[in-house]
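Novice: Have a look at this one before I ask anything.
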Amino acid sequence: MGQPEGLERFDSPGKGRGLKATRSFALGELLFSCPAYTYVLTDNERGNHCDFCFTRKEGLSKCGKCKQAFYCNVDCQKGDWPMHKLECSSMCSSGQNWCPSETVRLTARILAKQKTQTERTASERFMSVKEFESHLSKLDNEKKELIENDISALHRFYSKNVHNCDNAALEFLFAQVNCNGFTIEDEELSHLGSAIFPDVALMNHSCCPNVIVTYKGTVAEVRAVQEIHAGEEVFTSYIDLLYPTEDRNDRLKDSYFFSCDCRECSTKQKDPAKLELRKLSDPPSPQTVRDMITYARNVVEEFRRAKHYKTPSELLEICELSLDKMGSVFVDSNVYMLHMMYQAMGVCLYMQDWEGALKYGEKIIKPYSKHYPAYSLNVASMWLKLGRLYMGLEKNTIGTKALKKALAIMEIAHGPDHYYIAEIKKELEL
């Protein structure tokens, strides 16, 4: 099992391990693909996607025993059985009380795979799961407590599979998963599941990435979003790049325990536009601006928590009130305004208020195109949502334009032969 051509693992100065190109890659070219080492479909997508291959289709067949896993056909059901059998009987016996988190489910599958798989897999051509960083020594008490809760859930729902694992090993594995796990998303960036892609995890982060990771079922694909020359390191982005430098680095330190020194973080050249203020005859004081940024960061976090327990109309009210308050100091293209508009759009989509969703989306798309890199999935998915909203409201001319804008980005990011591209082209023919 050879390594993909044109790439090699190396020691990246100041960053530890990394991946570099040994030949040049053109814009949109596939560098490599990586099948998932293990993966799990998210609970909310059960019945919409096959648990084994993640295909989205209607009329999937249920597992005869637990009635909670869904498959395209017998082949997919058989393919998934080594992993589904970890859960099937527990799902039956626990009923409504079966509630392990996605991280716990994924970790149980890693443990099961490690018991049966002794050779390196096709997902580990550059790096094995065992080599993952855990950053265990850097975890604060809150993060350690969350891991302890996950270990308890693992023992509760997967007792047969973890009876001979000691707590220290489980703590280490959960810390590895937290740093190296991936979320699989669809073309509109809706969450489909979680997975482990060891070779993809080898790539280091930059806020000016030269590759992008997309998914074809349960396979990750890595494509160039800039021209890459021989000898250059291959960088992906670990985080959402909308936010200003300080916020991005707070997120990187909290989740991955490092700060970024890429060109964007060194120059901060996009920050002034991302944090732009209203031109007022009586400009706000520096302290007022700082206070509003603090308020904005707090409301972002408050909303994230509120999603779990508030009603859609209450969530929309949080968005509207915060936009009203921030709008006294920030312009509409300020990233904190955009963040809350995006949340409001999501709530409108959930409530099937298509006109409301469109109102927010139309405000978001132009600044998104300015703040994000050229071939951004965030921009593509926004054009796609807008296009589908316009088409649904029979505004076909403007809908066609929006869908074509999404396609132009996706043909580079996903590759021209991706089934998402074929689906959108079908939508354009209607």
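A Cβ is built for glycine as well, from the same backbone N, Cα and C atoms used for every other residue.
Since the structure is predicted, the reported quantities are computational estimates derived from the model, not experimental observations.
The domain 'SET' annotation in Swiss-Prot covers 5-239. Swiss-Prot lists Lys15, Gly16, Arg17, His135, Asn204, His205, Tyr256, Phe257, Phe258 with the feature S-adenosyl-L-methionine binding site. Marked as Zn(2+) 1 binding site by Swiss-Prot on the basis of sequence analysis: Cys50, Cys53, Cys72, Cys76. Per Swiss-Prot, zinc finger is recorded for 50-88, and the stated evidence type is sequence analysis. The feature Zn(2+) 2 binding site is assigned by Swiss-Prot to Cys63, Cys66, His84, Cys88.
Could you tell me the structural context for the features on the list?
Specialist: In sequence order, Asn204, Phe258 make up the list of same-chain residues 6 or more apart from Lys15 (S-adenosyl-L-methionine binding site) whose Cβ falls under 8 Å from its Cβ. Look at Lys15 (S-adenosyl-L-methionine binding site): DSSP puts it in coil.
In the three-state DSSP scheme, Cys53 (Zn(2+) 1 binding site) is classed as coil.
Counting only same-chain residues 6+ beyond the ends of the zinc finger (50-88), those with a CB under 8 A from a CB of the stretch are 38-41, 98, 105, 108-109, 112, 116, 157-158, 161, 184, 186, 192-193, 215, 217-218.
Cys66 (Zn(2+) 2 binding site) carries neither a helix nor a strand DSSP state and counts as coil. Summarising the environment of Cys66 (Zn(2+) 2 binding site), the number of other Cβ atoms within 10 Å of its Cβ, over all protein chains shown, is 18.
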Novice: Which are the residues of the chain, Lys15, Gly16, Arg17, His135, Asn204, His205, Tyr256, Phe257, Phe258 excluded, whose CB is within 8 A of where the CB atoms of the S-adenosyl-L-methionine site average out, their centroid?
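Specialist: Result: Glu133.
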Novice: To the nearest Å, how far is the Cα of Cys63 (Zn(2+) 2 binding site) from the Cα of Cys50 (Zn(2+) 1 binding site)?
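Specialist: Cα-Cα distance, Cys63 (Zn(2+) 2 binding site) to Cys50 (Zn(2+) 1 binding site): 11 Å.
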Novice: Other than Cys50, Cys53, Cys72, Cys76, which residues of the same chain sit close to Zn(2+) 1? List them in sequence order, counting a residue when its Cβ is within 8 Å of the Cβ centroid of the site.
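Specialist: Those within range, site residues removed, are Asp51, Phe52, Phe54, Thr55, Leu60, Tyr71, Asn73, Asp75, Gly79, Asp80.
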Novice: Test of understanding: give the count of other CB atoms lying within 10 angstroms of the CB of Tyr256 (S-adenosyl-L-methionine binding site).
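Specialist: Excluding its own Cβ, Tyr256 (S-adenosyl-L-methionine binding site) sees 18 Cβ atoms within 10 Å.
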Novice: If you compare CA-to-CA distances from Cys50 (Zn(2+) 1 binding site) to each of the binding-site residues Cys66, His84, Cys88, which comes out shortest?
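Specialist: Looking at Cα distances from Cys50 (Zn(2+) 1 binding site), the smallest one goes to His84.
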Novice: What's the number of neighbouring CB atoms sitting within 10 A of the CB on Phe258 (S-adenosyl-L-methionine binding site)?
Specialist: 16
